[in-house]
Amino acid sequence: MARYVFITGGVVSSLGKGIAAAALGALLQARGYRVRLRKLDPYLNVDPGTMSPTQHGEVFVTDDGAETDLDLGHYERFTGRSATKTDNITTGRIYKNIIDKERRGDYLGATVQVIPHVTNEIKDFVTEGNKDYDFVICEIGGTVGDIEAMPFMEAIRQLGNDLPRGTAVYVHLTLMPYIPAAGELKTKPTQHSVKELQALGIHPDILLVRADREIPEAERRKLSLFCNVRPSAVIQALDVANIYDVPMAYHKEGLDDEVLAAFGIEPAPKPRLDQWEEVCNRIRTPEGEVTIAIVGKYTGLKDAYKSLIEALHHGGIANRVKVKLEWIESEVFEKEDPAPYLEKVHGILVPGGFGERGSEGKIHAARFARERKVPYFGICFGMQMAVIEAARNLADVPDASSTEFGPAKEPVVGLMTEWVKGNELQKRTAAGDLGGTMRLGAYKAALKKGTKISEIYGSTDISERHRHRYEVNIDYKDRLESCGLVFSGMSPDGVLPETIEYPDHPWFIGVQYHPELKSRPLDPHPLFASFIEAATEQSRLV
């Protein structure tokens with residue numbers, strides 16, 4: 001029988017509910033429990049696929065092709081369990097499901113209302129498909145008091161009564177700010193947040209209190225008294241140097257013990273955290289440092305590249321080096337020489353993106369890396385720009401471009417209109433909807449034997465996650481390969497180019513997929529481990 005942990009947030013947003021949920025999942029998993037993590041997002045979008053990266057941050061793609069919240073990336077990285085499309089739902093998706101049912105007549109003429117129809121839809125989502133799990137951790141997006149979150153709060157309140165007694169625990173993550181003028185940590189914001197939650201009928205079992213310094217015992221007792229929780233259930237969540245310290249920090253504070261106690265479970269056996277200790281030790285005691293330039297177009301919000309950042313750090317963990325990131329807005333290179341920005345870095349990474357803005361800057365970055373023999377990693381759009389650069393400057397195709405930017409004389413990159421997913425032929429047109437219509441999720445690729453990328457993977461058959469609607473035009477393959485660019489990986493049917501590389505370059509690889517989505521701190525992705533290894537070698541030359 002599954003037990004449910006509901007994690008809510010108060011006082012301010014961005015406190016780290018996703019990290020808290022992921023860390024708790026890792027701790028329970030380290031005790032041998034089977035854990036599932038789910039995210040409930042209050043916004044009205046059906047999914048984040050069409051949302052601006054500078055507003056929402058990264059769109060995390062699952063193996064089964066769902067475009068989801070970036071917190072699912074944290075869940076995967078901390079637990080190693082691959083998320084699915086059934087692990088994330090939004091208000092938009094819920095209302096769409098309900099409206100579809102109403103149009104079909106499923107409600108038999110009833111007046112469709114928030115209670116019970118919306119709340120029932122939420123409850124069904126939370127409780128379905130959990131028979132193989134010991135714990136289901138549900139993170140509620142937003143902050144207590146947000147009008148958008150009200151149906152979710154009501155649904156989890158009802159679940160407290162619907163589920164068997166003792167199978168639901170509520171954890172409230174809140175902030176205890178330090179006021180320099182008073183020289184004190186203040187409990188009042190947390191008190192008011194809990195009162196707001198209690199007014200909704202939810203009484204938290206555990207308070208997880210964010211603070212930038214130790215919380216005095218007297219303040220903990222005060223929170224216990226006014227928030228109606230046991231003293232042992234007031235758990236401080238102090239700032240840490242890196243997010244991979246969080247599981248051990250929370251274990252030290254007793255979060256997992258307290259959660260188990262709230263369920264009436266003896267907190268044994270102790271979690272096996274030796275792998276986490278090794279990861280954190282490597283982060284704390286690096287044997288070197290490399291600088292990686294990320295030439296992107298959404299650098300104003302680092303969360304737009306969340307999985308990418310983490311995957312680079314995983315590569316650092318694998319090589320026992322610290323990875324320093326230099327963020328460069330790609331449009332800069334459309335006006336300025338890239339050399340002053342790039343000549344001191346040890347590796348260049350051009351990530352995914354959409355649209356013409358900044359594309360020429362990415363092409364200049366790819367040319368610099370190719371000519372100067374600097375390790376280059378092009379992901380999705382970054383691979384496409386590297387191919388356009390090769391077409392223009394090596395294959396004598398000066399008008400090489402992408403149809404994503406408009407009509408092109410030489411469409412080296414073009415819209416995919418047909419591809420195979422499983423046994424089904426997928427078809428798209430330029431006039432179709434944007435949402436959910438890309439090549440999404442895990443696809444297999446066949447790597448050419450003897451290439452660098454096949455050696456890195458240790459295999460010629462791979463599966464990686466995709467999120468794109470444009471693809472390198474195979475009609476230019478022979479012309480480009482005659483100039484030294486190797487198409488080292490193709491879709492199994494030989495139609496879609498998946499990876500490229502230069503054999504005469506120390507490390508120049510482009511991939512059409514997103515390998516960062518499958519990297520873990522306990523299991524770094526081989527491409528990122530190899531890229532950072534190459535950057536480490538480059539650091540000895542610069």
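Including glycine, each Cβ sits where the backbone N, Cα and C put it.
Pulled from Swiss-Prot, these are the features on record:
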| type | residues | note |
| --- | --- | --- |
| REGION | 1-265 | region 'Amidoligase domain' |
| BINDING | Ser13, Lys186, Thr187, Lys188, Pro189, Thr190, Gln191, Lys222 | UTP binding site |
| BINDING | Ser13, Asp146, Ile147, Glu148, Lys186, Thr187, Lys188, Pro189, Thr190, Gln191, Lys222 | CTP binding site |
| BINDING | Ser14, Leu15, Gly16, Lys17, Gly18, Ile19, Asp71 | ATP binding site |
| BINDING | Asp71, Glu139 | Mg(2+) binding site |
| DOMAIN | 291-541 | domain 'Glutamine amidotransferase type-1' |
| BINDING | Gly353, Phe381, Gly382, Met383, Gln384, Glu404, Arg469 | L-glutamine binding site |
| ACT_SITE | Cys380 | active site, nucleophile |
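Taking the features listed in Swiss-Prot, we show where each one sits on the structure.
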residue	record	Cβ contacts under 8 Å, 6 or more apart
Asp71	ATP binding site	Lys17, Gly18, Ala21, Ala22, Lys39, Phe60, Glu139
Lys186	UTP binding site	Met176, Pro177, Tyr178, Ile179
Lys188	UTP binding site	none
Pro189	UTP binding site	Gly10, Val11, Thr174, Leu175, Met176, Pro177
Gln191	UTP binding site	Leu223, Phe226, Cys227
Gly353	L-glutamine binding site	Gly296, Lys297, Tyr298, Lys362, Cys380, Phe381
Met383	L-glutamine binding site	Val472, Thr499, Ile500, Gly510, Val511, Gln512
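The Cβ of Gly16 has fewer other Cβ atoms within 10 Å than any other of the binding-site residues Gly16, Gly18, Gly382. Cβ-based crowding with a 10 Å cutoff singles out Lys17 as the top-ranked of the binding-site residues Lys17, Lys222.
Mean pLDDT across the region 'Amidoligase domain' (1-265) comes to 95 in this model.
Local packing around the Cβ, expressed as the count of other Cβ atoms within 10 angstroms, is greatest for Gln384 among the binding-site residues Ser13, Ser14, Thr187, Thr190, Gln384. DSSP assigns Lys186 (UTP binding site) to coil, not to a helix or a strand. A separation of roughly 13 Å, to the nearest angstrom, links the Cα atoms of Leu15 (ATP binding site) and Thr190 (UTP binding site). Taking CA atoms as the reference points, Gly16 (ATP binding site) and Gln384 (L-glutamine binding site) are 35 Å apart. In this record, UTP is bound by Ser13, Lys186, Thr187, Lys188, Pro189, Thr190, Gln191, Lys222; the longest C-alpha to C-alpha distance in that set is 23 Å. Taking each Cβ in turn and tallying the other Cβ atoms within 10 Å, the top scorer among the binding-site residues Ile19, Ile147 is Ile19.
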